[in-house]
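The structure's right below; bear with me while I get my questions together.
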């Protein structure tokens, strides 16, 4: 039945829609009940002091539920882009690590002897973006025992032997035709659509953070050590990520409910303490509690100053912000949903992982899509597609986006070779798997 | 510029750029691919049994008109052996449904299929026009959706039909996935992408257009010159859904594969076991016998609200506070009876299971 409301036949359509924004009845702070409020968070009003106290308290509560009291770690790694969320995270981690004054019985949750800030510079690939190293140094100059690691996105291609064009042409071993630094420009200037570019940049940045943290932990703590890595993903950002990932065919890869497979490959414990804090709370906390000289800096992205319809992420951001304006529970609802879902495929040992993003992947990335559409007439044979064999559905769709102008000469990041090598099943492993069924001439059948 | 050849047959001139695949194809190849993809969806999911009586939910709109045409075509071409019916619900919306039902009546003649029309007035004693008078335009979709779902099942049951096919297309499914995420409804997130929803106490529902783009349905109707009614409901849907719908359309403009990609995401999602355990168990409504997750089904709660003049209390979380007591003179929904065929199937299944367990 076609009604303009397609949901109507599968679900009570009006139910459970997040509550509309309402104007609170009392014009008083919800905590102290005396001061005049300055900010409304969802349906509650706060004065400045109570808001800062409540926000810090929320972080402390999270910390206490994830770290043992008085447990001191050798190092905390924290990914910092220089933006509001990572600035907020830095501030709260700093507060956490600072020695407390007085003899109060206040419990001190886990802390670290050293804070290592990992900054990934995107200025070489994003037009108009700046290197924010100096700004980040300003942010942490009052912090005790801080080290900054700066990495460049273009480092992803170090040692790369695999290019998309080579995979598409069926010669995956062929090195990229350009020099090591050129494929960067090729990818971000002319190769992929804006939606693919931004998704790919986020993926590369995330992996560089993990790799840099691992490299540092290896030298400081030794191989096979584990260390906590903090990411400043806010509830608003995770909502945008969940919706845009759904639109990219990989909507399960956002939740924090399960350990993310790509982080386990690097032996790191990844924490996202801001998953229940909205970007509005972060912005106001920064404004109220952080000195002006060390405020966050907003760097340019691919879609800064672009209209909403310029990319999937930008469009999703516009949707979330518009909804949040009228229905303030949207972000917290979606962020919680992300924690309840995971990938439905194989999760046992030996599963196939995407060589680009490191998430579980089904056998052939293009098989599902080919199965639901007729693109050839009967009798025509399917061409082999090595790229589809090594990537997951989301990465494959992203790198072969039909809006892409071309996808030649783009070098896959260096770690794809590493991942692919790890996943190769050796002849001895294959034999081990089937050895029960093999007949050995020396075996005595009568046994 | 010389005419481009069809990318499928390479013979005819390409006339259509398919949004689903991006291929440029001729009209004949488009018809072939469109119909055979739907056949593949149906056959891969083992949707029908030979000899089954199947009702096509018909509103007179493009989706249900194309569905009726394609179902009849495929039933004959691939010899499904189905007995097809048209089933329409008259919600009682003056200037909208009465006009669209005229289209359904013409479809009945064109496709030579029996037609059953069941009205809200007949079943619930209320038309949508009266409901809107009582509750306003803001929440009327809640009433319409809940009532229509039951009405379709009751209409099918009265024809002894155990399977309904609806014209929900890929765009609708993607929109539903998105809406379920936005309202945190994880239980329905997994279920909403199933091609067929089956249950012992419910009539089977299938969506043969699950992987079919809305644009392609319009193209098919246009080139086949099908007769359909194209006006939107006069009681427009709520603003919240409007955000989701616009978002899906904008996404499609950015990357046409997005609609299918959303469905792929939802098909590959697993819901945490803790959440699954906390979900309410299905039971029968104590008043009308229809499947429900509470003692009273949603339709009974809504109808009771309308009858008592407290309709707004029956919507959303406030419904918990609605008294379940009902006076003898209040109108209630007749008892729901499963079609005999479905009852027989269920009994056969249970017997088979018992034999297997023995």
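Glycine is treated like the rest: Cβ placed from N, Cα and C.
The following feature annotations were taken from TrEMBL:
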- B:57, B:58, B:59, B:63, B:89, B:167, B:172: ATP binding site (BINDING)
- B:54-233: domain 'tRNA(Ile)-lysidine/2-thiocytidine synthase N-terminal' (DOMAIN)
- B:283-314: domain 'Cytoplasmic tRNA 2-thiolation protein 1 C-terminal' (DOMAIN)
Given that the record lists B:57, B:58, B:59, B:63, B:89, B:167, B:172 as binding ATP, what is the largest C-alpha to C-alpha distance among them, in Å?
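Pairwise Cα check on B:57, B:58, B:59, B:63, B:89, B:167, B:172 gives a maximum of 19 Å.
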Taking every protein chain in this structure into account, which of the binding-site residues B:57, B:167 has the most other Cβ atoms within 10 Å of its Cβ?
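Its Cβ has the most other Cβ atoms within 10 Å: B:167.
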Any idea what DSSP makes of residue B:57 (ATP binding site), helix, strand or coil?
strand
With helix taken as DSSP H, G or I, strand as E or B and everything else coil, how many residues of the domain 'Cytoplasmic tRNA 2-thiolation protein 1 C-terminal' (B:283-314) land in each class?
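When I sort the residues of the domain 'Cytoplasmic tRNA 2-thiolation protein 1 C-terminal' (B:283-314) into the three classes, I find 15 helix, 4 strand, 13 coil.
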DSSP three-state call for residue B:167 (ATP binding site): helix, strand or coil?
coil
Please compare the binding-site residues B:58, B:89 by how many other CB atoms fall within 10 Å of each one's CB, and tell me which has the fewest.
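Minimum Cβ neighbour count within 10 Å, taken over the binding-site residues B:58, B:89, occurs at B:89.
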Could you find out if DSSP has residue B:172 (ATP binding site) as helix, strand or coil?
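The residue in question, residue B:172 (ATP binding site), is helix (DSSP, three-state).
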With an 8 Å cut-off on Cβ-Cβ distance and a minimum sequence separation of at least 6, pull the same-chain contacts of residue B:59 (ATP binding site), or say none.
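Those within reach of residue B:59 (ATP binding site), by Cβ under 8 Å and sequence separation of 6 or more, are B:88, B:89, B:100, B:104, B:167, B:229.
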What count of other C-beta atoms do you get within 10 angstroms of the C-beta of residue B:63 (ATP binding site), across all chains shown?
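Looking across every protein chain shown, the total is 27.
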Suppose we draw a 10 Å sphere around the Cβ of residue B:172 (ATP binding site). How many other Cβ atoms does it contain, all chains included?
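Other Cβ atoms found within 10 Å: 26.
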Could you pull the average pLDDT for the domain 'tRNA(Ile)-lysidine/2-thiocytidine synthase N-terminal' (B:54-233)?
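Mean pLDDT for the domain 'tRNA(Ile)-lysidine/2-thiocytidine synthase N-terminal' (B:54-233): 91.
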